[in-house]
Amino acid sequence: MGDYLIKATGFNGNIRAYAIQSTELVEEARRRHDTWATASAALGRTLTISTMMGVMLKGEDKLTVKVEGDGPVGPIIVDSNAKGEVRGYITNPHVDFELNSIGKLDVSRAVGTVGTLSVAKDLGLKEMFTGQVPIVSGEIGEDFTYYFANSEQVPSAVGAGVLVNPDHTILAAGGFILQVLPGADDAIITQLEERISSIAPISTLIREGNTPEQILEMLIGEENIKFLDTMPVSFTCQCSKDRIQNAIKSLGNEEIQAMIDEDHGAEANCHFCNETYTFTEDELKELLR
């Protein structure tokens with residue numbers, strides 16, 4: 001089965017839960033941006049969590065996540081929406097390090113430990129909702145945990161993982177978000193903490209063939225969970241040649257004429273999906289008005 005996400009509640013509505021299998025969408029991002037292993041893990045974790053955050057929205061709402069640390073990968077920018085669509089890029093995709101002291105990809109070293117994590121939500125209102133917190137570890141999951149607690153005042157446990165093959169393709173990717181709602185008993189929180197600390201890394205569980213449903217059952221307990229909704233997720237970019245053409249048209253005749261005279265055409269690249277659009281001289285001449 002392809003990538004998908006599951007929504008659920010736990011402990012009679014005291015816990016809100018999400019889990020995702022994101023192997024294919026992270027592989028699509030890797031293929032498009034030619035990311036090396038550690039950069040793939042950093043971008044993949046951010047894409048995975050941002051996808052789950054997107055489906056917390058409604059209708060046409062969308063959000064943008066920026067992870068801006070002092071590490072060599074540079075800023076990571078991701079857009080997601082309520083439909084399970086996500087796109088994103090990492091500024092320096094060719095970053096890879098030896099495994100860290102616990103045998104994992106050293107995402108913290110790649111991202112950095114000084115900087116900010118910001119989330120801007122477009123909810124169709126005049127003003128965007130923006131929350132920003134300092135990076136706490138650069139491991140991504142811990143940084144989003146801190147974001148939810150401090151910017152949205154929702155105690156949460158956030159996990160995301162990416163396993164990379166020797167040829168740099170993505171072997172497995174996935175994640176979860178558990179959110180404690182007001183009024184939840186301390187005993188519930190203690191039980192969740194014990195379960196989270198006892199299970200294998202999320203990417204290992206995905207690689208072993210566990211589904212998002214099974215992962216939530218491990219985290220919350222089969223007897224405590226109520227599944228609500230399942231939806232497909234994908235790396236999807238809304239860019240198109242028509243959109244780029246309209247952007248060029250908005251530059252005005254003088255700028256377009258300069259492209260014709262000096263460059264004999266134009267080329268535009270979408271940062272989010274790395275798609276390149278080429279315009280010939282004749283196509284540019286048609287835009288002159």
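Keep in mind that glycine also has a Cβ here, set from the backbone N, Cα and C atoms.
No curator has checked TrEMBL annotations; they are predicted automatically.
Residues annotated as disulfide bond in TrEMBL: C237-C239, C270-C273.
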In DSSP terms, helix, strand or coil for C237 (disulfide bond)? coil
Return one of helix, strand or coil for C270 (disulfide bond), based on DSSP. coil
